[in-house]
Structures are given as structure tokens and as C-alpha cells.
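Novice: Take this structure first; my questions come after.
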Ligand SMILES: *Cc1c(COP(=O)(O)O)cnc(C)c1O
């Protein structure tokens, strides 16, 4: 592996395939796999990730917004793409680019049917999203009569799937709540299906749902964080490989004397002799200020160096007083061993936030 001499996010596509195949191995053979590639594929760059997953055999993709789906279509992605959170202004684009909307309210159902009719569509695929307790997006059970009545009056759209989202599938202390969500989803869909007269794909599980609730895999599962290598649970982590490694380099080393301060707003004032290393990565790259003042850390020559003072826009300083290192040495912010999850936890956040925050300024380097 060449040594990093600037800040790079190295992405291992072999690990991506491994994670995909591992998660797939948890499913019944006929269960479909939807890969969630929203938010720049959780910071990894959605086009190469989706292209690779398409080769691996994923059945479906999901993005949050229409523009993310357009980007995949522009890159030649052929598999169906579910847009989880379309806005009214994008409905025409959805149809023009063969994207499939999540329909989550009476209003969005009427608006989409109206757009599909205007564009002379028949049986345009839509996905009905049901709220089973997350209380974020979705129809409630009471909307069923409205849905069936509205759908029976049109051939412009066809329900390709019904889905719902779990609120706490990674948290086994919320097991009873999760089971109530699963039961409600079954109840809603078993009421709806006879009225539709056909059976759409049913899906409810995200990554932790796949791992913890095999009884809720239904016809398809949706995985994001898992394909990028995070299990949300130490007991499953050994089976997955984090695909991304964030590496940088030491630009300069400073020696501070007792009483010296470091960085903006004198975020650190030392009472001892100290060596600090300045690295070319800052909050504009996504290493946000929450990692400053001793919360976050990096690894230099396999030793932990804490971030000291405030994180700057384009730089960060780390304490290397006890580390044998020099300018030009490689720095690991996270990799397969020193995980993004551990770094995120140290700053009281989650891997999802750390990896999706990584800005496009950081060069992505793909390893096959
Ligand atoms: C983001 C998202 C997912 C993926 O969740 P992971 O925990 O990353 O697997 C699945 N479903 C919906 C509706 C989402 O918004």
C-alpha cells in the first residue's frame, strides 16, 4: 500500500463485495437486497460504489433525494432506484429519469398520480412508505381506505413495494418496540394486499434489522451502513470490513514550552514541554470541531495521538509528545483496525455522522 502524502479516503472495493456477500448470506435465497447509496454512498462516492454493487448483483438501490438518483442514472446505473424522500418539485424528473418515488402521505400520492397522468404513464412504479413508530415519514394505518380508494381510480401508478423503517433495530433494549413495529407493518400490509389485488414487495429492515430481526426480512432488505463495513454491534463486527480508510500526513512538528498556547482561541495552553504535529485535514473536510480538545485521535506509527486545541478549517493539531515521528510520516485517522466507529464514539457521535460528513474535497482512491 503506498504511503499517503496528502489527505485521502482509500476505499476497498473487495471489502465492499465481502460485506455485501456476508449480509446477503443472512437472507433467504429469494429475498432481494437493496443497497442504500444516499449521501454520496455514506461519504464513499456513490457512482463507483453503485457500479461495483451492481456488478455484485444488488437488486435495488435507494437514495434520499432525486438529484442523487439522477447522478446514478447519468453514470449508467440500470437497476431500479428508490428515492426515499422526493419533493414535489422533483416529481417530473423522477419520471424522466426512471426513478421510483417513496410515497408517504395522501398529499404525495395525489401529487404523484397527477404528474404520472400528465406524463401519460401507466403502472408507474411507486413505493408506499408506512409509519410504524419512527414518526418521521409515512402513511398511518388509518390512511388505508384513502390509499385503496385513490389507487382503484387510476392506472397511472402501480405499487411495486410497501415498506416501513425501524427506529431502534440496533438496540436490543428496545426489542419490544421493534417487535411492535414489525407486527404493525404485517397488520397494515395484510389489510392492504387483498384490496390491491396483487402483492407488492414488502421490506422493513435496515442493516441492524437484517442482523437482529431475521423474522422481518420479508421480500427485501435495505442496507447502508453494513455494506460500508459497520455492524452497529461488536458481536457482528468481525464479519464485516470497514471499506474506507482516512489517511493523511504530518505537515509540520512544533515544540511548545510551558505557557505556550496552540491554535485558534488558544484552545490549548500547555503547562509542560510538548510536541505537536499539524495535519492537512480540518472541519471543512468533515473532521468537525467535536473531535477537538482531546476528544478525537489519530494513529501515527501505530500510536494514538490525541487532537489538541480547536480543530481549524483546514488543519488539526495532534499531541505527539510521546510518539517517535517526523514531518512527512503517514497518519491514520481511521481504517479497518482503528475504526471510524471508535473515533465517532469518542466524540459521542455515530459512525454514520463521521463518514457522511467527509467532504468532497478529500480525494477518494479506489482499491480493487
Ligand atoms: C438510510 C436508510 C436505510 C439504511 O440504514 P442503515 O442503518 O444504514 O442500514 C434504510 N432505510 C431507510 C428508509 C433509510 O432512510
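Even glycines carry a Cβ here, placed using N, Cα and C.
Quick caveat, the model's predicted, so the values are computed rather than measured.
Just lifted these from TrEMBL, have a look:
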| type | residues | note |
| --- | --- | --- |
| MOD_RES | 38 | N6-(pyridoxal phosphate)lysine |
| ACT_SITE | 38 | active site, proton acceptor |
| BINDING | 136, 313 | substrate binding site |
| DOMAIN | 243-367 | domain 'Alanine racemase C-terminal' |
| ACT_SITE | 264 | active site, proton acceptor |
Novice: Give the distance between the Cα atoms of residue 136 (substrate binding site) and the residue listed as 'N6-(pyridoxal phosphate)lysine', rounded to the nearest whole Å.
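Specialist: Pair distance, Cα basis, whole Å: 17 Å.
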Novice: For the residue listed as 'N6-(pyridoxal phosphate)lysine', just count the other CB atoms lying within 10 A of its CB, please.
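Specialist: Around the Cβ of the residue listed as 'N6-(pyridoxal phosphate)lysine', 19 other Cβ atoms lie within 10 Å.
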Novice: Tell me the Cβ contacts of residue 264 (active site, proton acceptor) under 8 Å, same chain only and six or more apart in sequence, or just say none.
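Specialist: Residues satisfying the criterion: 309, 310, 312.
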Novice: Hey, what's the Cβ neighbour count for residue 136 (substrate binding site) at 10 Å?
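Specialist: Around residue 136 (substrate binding site), other Cβ atoms within 10 Å: 11.
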Novice: To see if you understand the setup: which same-chain residues, six or more apart in sequence, place their Cβ under 8 Å from that of residue 313 (substrate binding site)?
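Specialist: Set apart from residue 313 (substrate binding site) by at least 6 residues yet with Cβ under 8 Å, we have 282, 283, 284.
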Novice: Through the lens of DSSP with three states only, how would you label the residue listed as 'N6-(pyridoxal phosphate)lysine'?
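Specialist: The residue in question, the residue listed as 'N6-(pyridoxal phosphate)lysine', is helix (DSSP, three-state).
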Novice: Averaged across the domain 'Alanine racemase C-terminal' (243-367), what pLDDT does the model get? Just tell me the whole number, please.
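Specialist: Across the domain 'Alanine racemase C-terminal' (243-367), the average pLDDT comes out at 98.
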